[in-house]
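Novice: Here you go, one structure.
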Amino acid sequence: MIDAEFKTALEQFGLELDEPLGMSLQQYAQSLWRYNEQINLTRHTTWDLFVTRDLRDCLQLAQLIQPGEEVLDMGSGNGVPGIPLAMLRPDIDVALAESVGKRAKVLDELVTELNLPVPVYAARGEDLLEDFRFTTIVSRAVGSLLKFCRWVEPHWSQFDRLLLIKGPKWVDERGEARHHGVLKGLELRVVATYPLGSVAPELAEAEEGDSPEAADASRGVILELTKKNKG
């Protein structure tokens, strides 16, 4: 059964999951918290935080990916968004890249424990792109927009787009990235904004340059970056 506190958190924040999916996500969170006692992986160690800070990001991201896509979670850390994404979307292929060896080992143990067909690479994502191609790279809380664009700049032939989960500082990060010229030749769009408080999630689309309501501290944002010359 789904834990009563988990179910209450889902209901409180307007989210619904079927029983098998809820059980899988519950097992992931509980296993993650168990490993967290040995190695620092997450500060989101309550059901409320798991739902509002982890699950909501993944639910929004899952809506933006097409069936059959090959997705790399770059700098996976505690497995968010990659592991929940693999549970939410079994019709896609997800791989995790984590350069910190201890964390990569935990991620490998987690996906084995959860019986997920998710390879874990103890490597930097940009190094993986030397040998592997993906449809989409996803990431959360791994460097600024400037740093991320610099990391992947030599490897655009190895993937089609970036989907980056960001918080209220994304507008400042965009300004910094523009100042350093790393957005030249790229198209940046806000493809999702959603509340992180007690309001039910919503999906909104906007073109770059629109009024950045998403910069509000209570909202999450997903940015999509593509090459302008890509169809």
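Note that Cβ sites are derived from N, Cα and C of the backbone, with glycine treated the same way.
OK, Swiss-Prot features for this one:
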| type | residues | note |
| --- | --- | --- |
| BINDING | Gly75, Gly125, Glu126, Arg140 | S-adenosyl-L-methionine binding site |
| COMPBIAS | 204-213 | compositional bias 'Acidic residues' |
| REGION | 204-231 | region 'Disordered' |
Novice: Among the binding-site residues Gly75, Gly125, which residue has the fewest other Cβ atoms within 10 Å of its own Cβ?
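Specialist: Comparing Cβ neighbours within 10 Å for the binding-site residues Gly75, Gly125, Gly75 has the fewest.
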Novice: Helix, strand or coil at Gly75 (S-adenosyl-L-methionine binding site), per DSSP?
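Specialist: The three-state answer is coil.
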Novice: Looking at Cβ-Cβ distances, which residues of the chain lie under 8 angstroms from Glu126 (S-adenosyl-L-methionine binding site) while being 6 or more apart from it?
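Specialist: Met74, Trp151, Val152, Pro154, His155 - these are the non-local Cβ neighbours of Glu126 (S-adenosyl-L-methionine binding site), listed in sequence order.
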Novice: Under 8 Å between C-beta atoms and at least six apart in sequence, can you list the same-chain neighbours of Arg140 (S-adenosyl-L-methionine binding site), or say none if there are none?
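Specialist: Listed in sequence order, they are Asp57, Val80, Pro81, Leu164, Ile165.
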Novice: Checking the spread of the S-adenosyl-L-methionine site as listed (Gly75, Gly125, Glu126, Arg140): what is the longest Cα-Cα distance, in whole Å?
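Specialist: Largest Cα to Cα distance for the S-adenosyl-L-methionine-binding set is 15 Å.
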